[in-house]
Amino acid sequence: MERLRAIYGVAVVGIAMGALLHVGNRNKKLRGGKLHYACIYGSAVDVISCLNNGIDVEPQDCEGWTPLLVVAKMGRADIVKILLDHGANIEARTPKGSTSLKLAAMGGHFAVARLLLEADAATDTPGHDGYTPLLNASKHGHTAIVKLLLQYGANINDQSHDGITALNFACELGEVDLAVSLLEGKANVNLPDKDGWDPLMCAALKGHREIARVLLKYGADVNAKGPQQATSLRIASEYGHGGVVKLLLDADALIDEPCSDGKTPLYAAAKMGHNDIVQLLICRGADPNRQTCTGSTALIAAAMYNRLEPLRILIDHGADVDLEDSCGWTVLSMAYFSGYPQLVQLILERRPAMMRDIGDAASEDQIEDKTDPILICRRHDLIISS
């Protein structure tokens with residue numbers, strides 16, 4: 001088309017587009033009329049030619065998109081300016097409720113966003129998804145556009161239908177510069193979404209240590225509780241983010257704070273087999289014998305999930321091997337009936353007194369409790385030494 005224009009001028013382009021539009025009635029890829037086609041496939045000259053020849057600036061294609069919406073999504077700043085200069089409706093929306101500014105923010109098209117804002121586009125208009133331009137820009141990590149929107153008065157604490165904020169998105173993505181920009185703009189550092197996740201919890205979940213550090217610097221509540229009453233420390237411990245765990249402990253996170261089912265950070269780390277976190281929590285004073293709502297302990301959880309090293313660490317730091325849960329399970333019975341002989345051996349090696357008791361015990365058929373440690377040891381065919 002550029003070659004045609006160079007040889008024959010602008011008029012022939014219009015003829016070519018007209019021919020293509022005739023075919024386009026049966027072509028789903030060609031959704032609109034001449035102006036849409038010029039905006040998508042042509043140049044600024046083609047668009048001006050269409051407008052100067054009386055084509056309406058506001059036609060909708062078969063999906064309800066105006067030319068301005070189309071080029072805003074594409075990032076064609078030169079054509080956006082032409083359409084605005086010819087009176088295009090800056091607040092037109094797609095069938096899903098997105099404005100041109102929202103589309104530009106989503107796509108990271110800074111020049112387009114700036115043109116729209118300079119033309120007084122509304123900054124906080126949400127789409128049907130509840131996302132404003134600021135939320136869309138934050139969700140996709142477009143820091144420059146976030147800063148631009150804030151300069152033009154966007155509400156920094158806008159929330160989606162799910163209560164998600166721009167800061168939540170920054171923390172999930174690990175975008176430090178974006179998070180700092182929002183916090184410097186007075187974003188609410190402790191504002192949770194509708195499920196209870198605040199920014200620090202989002203950072204803890206993803207293991208973004210530097211984001212967590214910044215949040216704490218700006219006043220994040222280290223002991224706030226989220227879903228199932230879990231703290232950020234509980235979340236970081238479960239997902240194995242040792243650097244975040246250490247940072248939170250240094251910020252005075254409550255080390256034994258349980259969630260709604262009574263499971264502590266230590267329980268979560270032991271269950272998931274995060275050896276370094278188990279060691280760190282124990283060394284910082286976590287209670288190895290803290291019981292959940294069902295009486296389980298970190299030690300029993302380690303046995304249930306075949307976590308050899310956490311089990312070793314816990315026993316060596318005073319975990320009680322005789323504690324029972326509400327169903328009568330001890331760490332030894334759990335290890336045995338879960339089919340983990342290595343764990344059984346380790347438990348008995350760490351409890352020589354239990355080994356000595358076996359020799360003086362009653363015969364197997366006299367033991368009523370089939371989870372009794374003595375019975376387990378005999379069935380395990382352990383060698384009993386004096």
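Every residue gets a Cβ built from N, Cα and C, even glycine.
Automatic prediction, not curation, is the source of TrEMBL annotations.
What TrEMBL annotates here:
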| type | residues | note |
| --- | --- | --- |
| REPEAT | 63-95 | repeat 'ANK' |
| REPEAT | 96-128 | repeat 'ANK' |
| REPEAT | 129-161 | repeat 'ANK' |
| REPEAT | 162-194 | repeat 'ANK' |
| REPEAT | 195-227 | repeat 'ANK' |
| REPEAT | 261-293 | repeat 'ANK' |
| REPEAT | 294-326 | repeat 'ANK' |
| TRANSMEM | 6-24 | transmembrane segment |
Give residue numbers and ranges for long-range contacts of the repeat 'ANK' (261-293): same chain, 6 or more residues beyond its ends, CB-CB under 8 A.
228, 231, 233-234, 236-240, 242, 245-246, 249, 255, 299, 301-302, 304-305, 307, 309-311, 313-314, 317-320, 323, 325
Cβ contacts under 8 Å made by the repeat 'ANK' (195-227) with residues that lie 6+ beyond its boundaries:
162-163, 165, 167-168, 170-172, 174-176, 179-180, 183, 189, 233, 235-236, 239-241, 243-244, 247-248, 251-254, 257, 259
